Every structure is written in C-alpha cells, then in structure tokens.
Amino acid sequence: MAAGRLPASVTLLLLLLAATAVAPLASAVRPVSDAHRSAAAELFAASPDGSFGDVERIYEAVRTFQILGVEKDKSLTGEACKVAAEKLASSSSTAKDLFHAVRISGVLGCGVDSGVYDDVATKLKAVIKDTNSLLELYYSLGGLLSIKEKGHNVVLPDADSTFHAIKALSQSDGRWRYDTNSAESSTFAAGVALEALASVVSLADSEIDPSMIAVVKNDIVKLFDTIKSYGMVYSDDIRAFVPLILSLPSKVFSLTSKDQLKVEVTTVFGSAAPPLRVNLVQVLGSDSKVITTEAKELQFDLDSNVHYLDIAPLKIDVGKYSLVFEISLQEPEHETIYAIGGRNTETIFVTGLIKVDKAEIGISDNDAGSVESVQKIDPQKDASVSLSANHLQKLRLSFQLSTPLGKTFKPHQVFLKLKHESKVEHLFVVPGSARQFKIDFLGLVEKFYYLSGRYDLELAVGDAAMENSFLRALGHLELDLPEAPEKAPKPPAQAVDPFSKFGPKKEISHIFRAPEKRPPKELSFAFTGLTLLPFVGFLIGLMRLGVNLKNFPPLSAPAVFASLFHEGIGAVLLLYVLFWVKLDLFTTLKYLSFLGVFLVFVGHRALSYLSSMSAKQKTA
C-alpha cells in the first residue's frame, strides 16, 4: 500500500458506498444485483502469464467478493489459498505480504497449520522490534491481530514501547510521519497510525498507560480540527448509517392497461428495508412544468415487498414525467440506523392509444384550395382510395391526433410514401405539428423522373408514446406527368434481390422425337429362340457323351470341394441370366471376379483329388 493512496478495489468499494449514501438524491439507482456481482467476479482473472497478481490484489478481490456476496469459483479460491500459503511459508516474505496472506486465509478459511502461524507471528514480532517505519509497524501489528482473531494465542511483548514508537511519529497538528527520517506528514498516515495503535491495545498483555491514551485522544482532536479547517464537519456521536435506495422496477407505464406505479426500497445490497412510508409529493412534465403537488401515499404489498399506486388518479397523459418521492421511517429508532436522504426523483414514460380523427386525402387545383376530389379515410385500416392528378395539381392529406386526455398529439415520425409501378419510391416527411400536408407535383416533376402511371400510397405514423403506431396502405394515385426532356435524370436502378436466383425458373417446353419403328413380335421371339440353340446343343452333347457321376469323390472333403465347384458353375450361369435381365456390365464383372477366384480355389482342390486318384489307378 503506497502512502497517501488507497488500493484500487478498496477505492472502488468506498466509492460504491459513498454513491449509495447519496443515492436518494440521484435517479436511476438500483441495488447491487447479480449482474453487478458477476461483473465483479470477472475482474478477478488470471493475467496472460497465468498469475493473479500480487498478494495484496488477491486480498482486495476476495474481500470485495465477500462483501458483495459473490460466490467464488473453486479454482480461484484454491489459487488464492495456494498463494497465501506460499507467502506464509516463505522466509523472504515481507511484513506486507504476511499481513495480506493472513487476511486471505481468514476470508477464505484456507487450511494452514497452526505451526505456520506461530512462525509468522515470530517474524512479525521481530519486524516490530527492529523497524522505525510506520507502514512496517502497521502491517506487522495488523498481521498479528489477524492471527489472534483466528483463535491463536498472540501477545505483544513490551506493548508500551511499541506504543511509544508509533506515537513518536506524530506531529503537533495531529498528523503523522511515515518514519523518523521523513519530514513529510499526512492525515492518511494519521489514519494508519491510529489503526496501528488500536492493534497495540488489542495485542497488549496488560493495560496501556492511560496517560498515553489521553495524549492520543488529544492528537485526534487536533486532527479533526485540521480536517474542519478544510470545510469538513464531524460529530462527537459518530454513527454508521445504512443507506436506503428507492428504485422503480419498471419505468414505462401504459394508460391502456392501467399499469400501477411500483416502487422498491432496499438497502444497497438489495436487502429488505425497515417499515417505512413512501409518498409521491410532486409530478413534473418533460418541460419541468408542475403537473400536481398533491401528496399521495403509496400502498405497501407485503408479499412482493413493493409500494404501489394507481396512476389513473394522477391525471397524467402520454409522455415523459419526473416523479418526486419522499421516504419516512415508521420507527424512530431506525433513524439512527438508516439513511434516507432527501427527495428522490425518478423519470417515467407513459404510453397510450392515440385517437385519429378527420383523416382526409384529396386532389386540389391550386393553393386557394379548389378541391377536385376528396375522400375520407381511416388510417387505422388499409384503404383503397383511387385518385388521379396531373403535374399542375396538388395532393392534400390531413388528419388530427389526440391523446387519451383529449390533447393534441404531435408524433415524432410521420411519413407518406409514393411507390411507382416500376418500384421507384418517394418518401415525404410530414411535420408532426402540421394538420394538413400537401405535395405540389409541379415542383417535383424532375424528382419524380417524369414517370407517369400508378403510384401506391402508404402512410406511416410512429411515436414511442403511441401504442397504436401504424403503417397503412391508403390506395393509389394515377399521376400524369409531362414527357421527359432529353437531358432529364434517369430513375435509379432498382436493387436486385440476391435471393431471386433461387426462385422458380421459367418452364422448359420440350417435345421428344417419335420412337423408331420396331420389328414384329414374332421376329423377336424367333431370334430369342436362336440364341438358346447353343445351350440346347450343349445339353444334347452332354447326353450323347454319357455324362455321369462315377468319378465324383467318395470322401467327404473332396466331395465338398467338388460340390462347391459345380455350384460355382451354376452361379456363373445364373449371373449370365441376371446380366441379361437386370445387371449392368460393371456390376456383372465385379461379381464374376469374386466367383472366378472362388472357382479356381475349389476347382483346383477337386481336380487335384481326381488327378491323384487317376495316378493311383495307373500304378495299380
């Protein structure tokens, strides 16, 4: 810890608490949520080299997690305990490292042997005896106090001399120096010294000299006088208040669904607040104009722990409003515990259905308003008006919008679109405050690219407060424009849909040629018979030769091979038939190759047996 500067995470936590202390004066403040806790957990992550920083940073992280109630990852907890154990066991660890390592072990409950703490206590006592640095004394005494708080018997010998050593660094204005060689003093060092003195009192085996305590009290008075000179005030009765936060679960309300105004009051960490009253004391418009100053107390729902109020009696219209609340505690004793601050201002947005009246569209001949044709329309429904005009006429559109309370409503966005049959579009912005809108075609002939023909009309009206924003087709307009001169601008090329190539293609018409004339069936059957003649001749030849089974092997093994050989021959003949009626050439050759290998194997075994039998008969 550098002199005069708080660690980053401690500063962050103090800023958080300071912010919540003045939360009633601000708007859009919410208690610490799971999202905040998740963000805090992500801050404690290993650096690119796999380390988690120094031991001080690790302690700041785990302590912040403990205060915020963040559930720590087991791997991170194990890594933090490992770092702490290494620092406690190392002989080269400084008093600052030992101080933070003991506190990490205390927060996480790391398993450290009691003998290790005894060794650490011995090291810290040695530092106290030899140092004249305020920070070294602070770290050493803080480490000993943390060990004592873990249940170990730690006593500071010669506590009076340590007390005197720290007191010797004080200045006449109540501030402290960091060591005897330093001439610079600060109020931050005074805070460090006072905390170190408190540790001495806690660790002493006997009561500290009362006169020394009185001297320190006098130094504290001087210190606060110094602080007061900077414009700060303090009280002899110092209390720690728990700040209460007022927040709205939802800031958008619908007049149509008659939403209720709901208010939550919690502590900074989201805990339930004590019994209290919430009053709506003022409603301001978006222009800071006061809408109402009649105070209304919100009802309390015990089940949902929210205060609520119906917004209908407030007589507010659609738009943006600022609500001013006041909180009051019901029990007087809670006033010394909780800080409620002053008035709380929250911004809300109210939506509703907007009424559309007197909607008309027509064609006029001139600015005097000589109307050739006009038609009433309902913009809430698609219409199918049919209009026609030339370049000397004007298109007129008029309608009125009113809020649920009958006030004139000015929407943020009003567009009128004219789309030509060639897909060329023209978009006109209608001023929200205008009750009547006109398009003078004479001045827009070039903008329309001199394209005569049919234009589809569409009207779009939208606003964040308008629950019934709409985009409606109004009908079409037949527009007659003059012929385009030679140098007139051409309409822009229309974008091609990149997915159009995947759409349906044009149908392909094709006529197949007439089939060739085939021979008579009788001729086909005659040729089929001729192809069977060789097979018939083969059967006749077998019969003439007197084929028999006299040489069929009588032994079982040769008989099996002979049978498989004849079956393979039959399979080849069957394959020929299948080739003729079903199989293609390549499939037939594939099967024939397997059958050929099979026939060679079994045929060789069968013929070898017959050859050996023939040789035996000749020798006999």
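Keep in mind that glycine also has a Cβ here, set from the backbone N, Cα and C atoms.
No curator has checked TrEMBL annotations; they are predicted automatically.
Taken from TrEMBL as is:
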- 1-28: signal peptide (SIGNAL)
- 33-230: domain 'Ribophorin II N-terminal' (DOMAIN)
- 244-350: domain 'Ribophorin II second' (DOMAIN)
- 358-479: domain 'Ribophorin II third' (DOMAIN)
- 512-611: domain 'Ribophorin II C-terminal' (DOMAIN)
- 523-547: transmembrane segment (TRANSMEM)
- 559-579: transmembrane segment (TRANSMEM)
- 591-610: transmembrane segment (TRANSMEM)
Positions on the same chain near the transmembrane segment (559-579), where near means CB under 8 A and six or more residues out = 552-553, 585, 588, 591-592, 595, 598-599, 602-603, 605-606, 609
Per-residue pLDDT averaged over the domain 'Ribophorin II third' (358-479), given as an integer = 88
Just give the helix, strand and coil counts over the domain 'Ribophorin II C-terminal' (512-611), going by DSSP.
-> 78 helix, 0 strand, 22 coil
Restricting to the same chain and to residues at least six past its boundaries, which positions have a Cβ under 8 Å from a Cβ of the transmembrane segment (591-610)?
-> 551, 553, 555, 558, 561-562, 564-565, 568-569, 571-572, 575, 583
